[in-house]
């Protein structure tokens, strides 16, 4: 054991709780949306994709981590490490890029930067495909030699190798690529879209350009997506910050808990995203009941 055995027991219990809540609530989101035709809107397609990404994290990542925490180290070998790292990374990236597509959808619908443009089912499907392409573009390279997945923190889960400059893996270039393309760029797009969106909502309210009912509906949807983005940032920024610090200070002495805490804090979006969706979407709640 790298740390007190009680820490592994606590980690296993935490992962069990995430699975116990995360699987049913994401599966319920998928089932209810597919079961009720009126929920099959372009916006909800993207939210469905978010649930699929969360299920990848729950089934491919959380279950593995719970099992290995019971043994005190990663017992599943190189193949298991690659699979766990791949599914956890893919799920997280699909969720992030789904939030990017949601932000763009909100910007187009509310701000109307393109006159007479309507966000349709085809556009939503293109957004879904884009999120998967970007997710795979981040999760696949470590499987084929550009960086690698290694056990991290308390050695019960696997992630991208921020820690070493292992010869032949080009870890430095991949980490820089990942931080720029798969973190800074999507966050910049999200902040731009919501900055414009908030301005447009205030201007519309002041000018009374749309009916009160339409304004209220757009505000509710926008509020739901903004809360999802804030929640995502609260969970992922600590992990990204610690990972970048480790990358920039390789060779520094830090304990296994230092990376473990932000890593497992970052797994909570798999639970709260569908909870936000259910709590703030009246139509979905009615269909669920």
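Every residue, even glycine, has its Cβ placed from backbone N, Cα and C.
Feature annotations, courtesy of Swiss-Prot:
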type     : residues : note
TOPO_DOM : 1-7      : topological domain 'Extracellular'
TRANSMEM : 8-32     : transmembrane segment
TOPO_DOM : 33-44    : topological domain 'Cytoplasmic'
TRANSMEM : 45-67    : transmembrane segment
TOPO_DOM : 68-81    : topological domain 'Extracellular'
DISULFID : 81-158   : disulfide bond
TRANSMEM : 82-104   : transmembrane segment
TOPO_DOM : 105-123  : topological domain 'Cytoplasmic'
TRANSMEM : 124-144  : transmembrane segment
TOPO_DOM : 145-173  : topological domain 'Extracellular'
TRANSMEM : 174-195  : transmembrane segment
TOPO_DOM : 196-223  : topological domain 'Cytoplasmic'
TRANSMEM : 224-245  : transmembrane segment
TOPO_DOM : 246-257  : topological domain 'Extracellular'
TRANSMEM : 258-279  : transmembrane segment
MOD_RES  : 267      : N6-(retinylidene)lysine
TOPO_DOM : 280-289  : topological domain 'Cytoplasmic'
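Among residues of the same chain six or more beyond the transmembrane segment (82-104), those with a C-beta under 8 A of the stretch's C-beta atoms are 43, 46-47, 49-50, 52-61, 64-65, 76, 124, 127-128, 130-132, 134-136, 138-140, 142-143, 149-150, 157-160, 182-183, 186, 189-190, 193-194, 197, 225, 228-229, 232, 236, 266, 269-270, 273. Contact between the transmembrane segment (258-279) and the transmembrane segment (8-32) is supported by 3 or more Cβ pairs under 8 Å, counting only residues 6 or more apart in sequence. Secondary structure by DSSP for the topological domain 'Extracellular' (246-257): 5 helix, 0 strand, 7 coil. Per DSSP, the secondary structure of the topological domain 'Cytoplasmic' (105-123) breaks down as 10 helix, 0 strand, 9 coil. Other Cβ atoms within 10 Å of the Cβ of residue 158 (disulfide bond), summed over all protein chains shown, number 30.
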